[in-house]
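First the structure, in the form of structure tokens, and then the observations on it.
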Amino acid sequence: MTTIRPSTLIPLLLLAALAVLPFAAESYYTAFFARVLIYAVAASALNLALGMGGMVSLGHALFLGLGMYSVALPAHFGIDDGWLQLALCVAACGLVGLVTGAISLRTSGIAFIMITLAFAQMGYFLVVSLKQFGGDDGLPIAGASRFFGLELASAEAVYGAAFCLLLALTAWVARLRVSPFGMTLRAGRQNARRVASVGLALPRYQLAAYVLSAVLCGLAGMLLANLNAYASPSSMSWMVSGELIVMVVLGGMGSVFGPLLGALAFLGIEELLKGLTEHWMAIFGLLILAVALLGKSGIAGLLARLDARVPARRSPRLAEGRA
Amino acid sequence: MSASLLIAQLLNGLQYGVLLFLLAAGLTLVFGIMSFVNLAHGSLYMLGAYALAVVSGATGSFALGVAAALATGIVVGALLEWAAASRLYRRDHLDHVLATFGLVLFFNELTRMVWGPQPLFVALPEALSGTVELMGFFYPAYRFLIIAVGLAVALGSAWLIHRTRLGMLIRAGSVNPQMVGALGVNIRLLNALLFALGAALAALAGAMAGPILSVQSGMGEPVLITALVVIVIGGIGSVSGAFYAALIVGLTDTLGRTYLPLLMREFASREIASAAGPALASMLIYLLMAVVLALRPQGLFPAHRG
Amino acid sequence: MNSIGKTTAVALGAALMLAGPARADLTIGFSAPLSGPVAAVGQDQYDGFMLGIETLGGKLGGQKVTVLREDDQLKPELGNQIARKFVDHDKVDAVVGLGFSNVLMASLPRLVESGTVAIATNAGPSVLAGARCASNVFSVAWQNDGSAEAMGKYAQDAGYKRVYLMAPNYQAGKDFIGGFKRFYRGEILDEVYTAVGQPDYSAEIAQLQAADPEAVFVFYPGGMGVNFVKQFSQAGLAGRIPLLSAFTVDGTTLPSLREAALGTVSGAMWDVGLDTPGNAEFIAAFTAKYGRAPSAYAAVAYDAARLLDLAFARAGGDRTALAAAVKAAGAELKSVRGPFHFGSNNMPVQNYYAFETVKQGGKVTPRKIGTPLAGHADAYAAQCAM
């Protein structure tokens, strides 16, 4: 038996705490942490493209928005069947992800950042001008999504759904990282030429990861729409895309627990700073700068450094491979 | 659609284009040579506008205000280069995006802390506060100054890049920065110089825009995104590419905004046209960029790569 | 007591003070955009509200009051979160502010569900005035269309035959143009919708010039308004074509516009040019305390404090009676804007004035030139089932 290292133990303890939170805390905290969990799902989705595939997408808010409107638009016409909304969300995010991904992946580096931003901006302007669906004012959602007997009406229900989704996603990502698919993606991030020379069609792997990431981000959007009972184009603005990137990097790029740690730290720090001063954004900006200057291993990287202090029975290299 | 109106719109597009060029020139240089993505470039534009508003407000002299904006650009640019950018050149673009995103938040809040959330007042220079009549049309005289300054900077940068030793280093640096360093050029000094120069141009753009726009916190972001579109269309690292692309974007945006809704009325009902026209017009430059990138990922006028 | 003990005691005392503010009888949750591009609007509301409470001796309805302040950053999602915090966590007696229409709409579900009295000081979206009206949600500000309707009436009365309309391409923009058209019967040369947050309007102004209208009506709030009015004046059109507007030239933008705004006419329910009872005192108190002139946003929030004072006095300790008390207090309120009461849909019934920006004693200031709509109720009340 191996000892559990701090880099795994601390996030697991955190997950355990989050699992009991809705039973212990009042509704406001449940709603706040539901938001954290939803953003953690969205950041996990982005982590697939960004952390594993090295695709710096500054347009993931587009998929968050698509997810929100896949709930809001059917609800607007009185359709609250969650499965139908889910199908719509998967189809819309999948299709848009496929088309924009195929075009965007023709470029790389800054051009990739810019073209993903461009697609998101187009989506934003489109939704803002849709007067019959609320436009800039957004669209209230009268009836929450219904999955068989379960209705995502209360903060607790959304919390539960988001928690389960995040748990499943985290477990899946942990496996995906070390699967041939994940290995190819991560190798491509480090050296695309070598991957190509081995005979793997990297662009296909990247496109698949991008589309997956888009669809998962859409699911986060569906939950967010249910939590707020409201869909708004402001969730599609480029600042939200930027915030998602910050969460991923803050947590630790490509790591399994990074997105959760990042989302928690980002929204938590924002909440704390706001209580201190109305000029919290200046402090927050400098914090982000510091994170960027200090390197991108993020919080997950800090925890990994803790590991080094805990004596391990087995060789560290082996244990690292399992992380 | 009279001819004089078309001329006025072309002038508007030209003026918007050269203003974009002032921003894009620095951005593309810093990107081409240091391979550094600087989202905080828009903050320098904002600081330039604030410097103009504060100094010209206190002294009553527009020229002093512009000088203050240039000085602000150089000083803040050099500081930024020293404190943040120079430590990030070797990292990948993601760290650049992150660091400068943080700086954007910081600068926006800083201006709000110092000057409050209200927009600042900026007076037009007295001599240029009137209008010029063009075939029965009134055009603001001040906008001619913007066009003149923009074109002068374009000519000046062409001279700098093609006729001077510094320009030679810039051209060499955009092709192979390591080689330039290996040949004994102080690449750190060159980087700092270029960064400050780009920052000064951004601040100049802000100062020129100050009298026509609302000088307030956050004014840099919309124009920064457009400037990024410009450098991607023009080909990253190419100053002449940035110039042509700035004019293309300026004209596309201006003419698209004006004529697209009118054009759509020919094909669709007025109701649909007045809803879809503006939406399409605001997407136009992004559409343009997506098409350019899809067909020519390296941009329309790329800097020559070795 | 040694110095360490002393420090500990002081620290403990400070911690206690932070943990629990002096126990108050009432808690009010105030939310507004206090950071970001429209922070000026939020700050004015907060300052106006606090001034209102201060002039009432720090009490509302005779009870001591604590105001909790939250910044919605103009993000609907945060508006929703803040509503939950006020209702579920802080258990406030009333919520005031609620930000812009989109933020308000996002906060609405939790507020309506909880029944907590909510008073909007910055918005009155048509949906809230109509189909989704609620007995515990009030707007003490305006129904969004009001100022635009007033300008439509003004243009009609002034006899302008051909007008040109412009607004940003979003919901509020379309509402304002709709409001203008509801009262204007003449020819509309064109309706132009521009991108949200667009900085430069030179192209649109050239088109406008070519269309040669008798008057122009625009709705450009905040920075967009500063941009548009500056550029309109620089194109030499100020003085040649009358510029009518709503939420464009107001207390927050006038200081940065100054002479560029001369001659423009604005529709509003309040501005510093009003000579209603109590207004001069309010303006003087605000200017003395904050060193700047108040805007309509500050005036509305000031009224909100005085409205709550009356309502809490009426309801006594009974929180379930508060909504009805607010409604009744509306008719009692001596608002700085003049006549005021709540309509059947909890939207204000009030005068909308026309203000012309003029130069008086070297100062650029709005002057009342008429009351296009007196005792005006909105067009959506019929859709409200209350």
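Each Cβ is built from the backbone N, Cα and C atoms, and glycine gets one as well.
The transmembrane segment annotation in TrEMBL covers B:14-37 (among others).
The annotation transmembrane segment is assigned in TrEMBL to B:44-62 (among others).
For the transmembrane segment (B:68-85), same-chain residues at least 6 beyond its ends with a Cβ under 8 Å from one of its own Cβ atoms are 30, 34, 36, 38, 40, 44, 47-49, 51-52, 54-56, 99-100, 103, 191-192, 195-204, 206-207, 210. Annotation comment: TrEMBL describes B:68-85 (among others) as transmembrane segment.
Residues annotated as transmembrane segment in TrEMBL: B:97-115 (among others). For the transmembrane segment (B:97-115), the residues of the chain that approach it from at least six positions outside its boundaries are 37-40, 42-43, 46-47, 50, 54, 80, 84, 88, 217-218, 220-221, judged by C-beta separation under 8 angstroms.
Here the transmembrane segment (B:141-161) has Cβ contacts under 8 Å with residues 11-12, 14-15, 17-19, 21-22, 25, 124-125, 128-132, 167, 170-171, 201, 204, 208-209, 211-212, 239-240, 243 of the same chain, all six or more residues outside its ends. The transmembrane segment annotation in TrEMBL covers B:141-161 (among others).
Per TrEMBL, transmembrane segment is recorded for B:189-213 (among others). If you look at the transmembrane segment (B:189-213), the same-chain residues 6 or more away from its ends with a CB under 8 A from one of its CBs are 19, 22-23, 25-27, 29-30, 33-34, 41-42, 44-53, 65-66, 69-70, 72-74, 76-78, 80-82, 85-86, 89, 122-125, 140, 142-143, 145-146, 149-150, 153, 166, 169-170, 173, 180, 219-220, 223.
Taking Cβ pairs closer than 8 Å, the transmembrane segment (B:225-251) reaches residues 10, 13-21, 23-25, 27-29, 31-33, 41-42, 154, 157-158, 161, 174, 285-286, 288-289, 292-293, 298-303 in its own chain, all 6 or more past its ends. As annotated by TrEMBL, transmembrane segment applies to B:225-251 (among others).
Residues or ranges marked as transmembrane segment by TrEMBL: B:272-295 (among others).
Listed by sequence, the residues of this chain that lie at least six past the ends of the transmembrane segment (B:272-295) yet keep a Cβ under 8 A from its Cβ atoms are 226, 229, 232-233, 248-249, 252-253, 256-257, 260-265.
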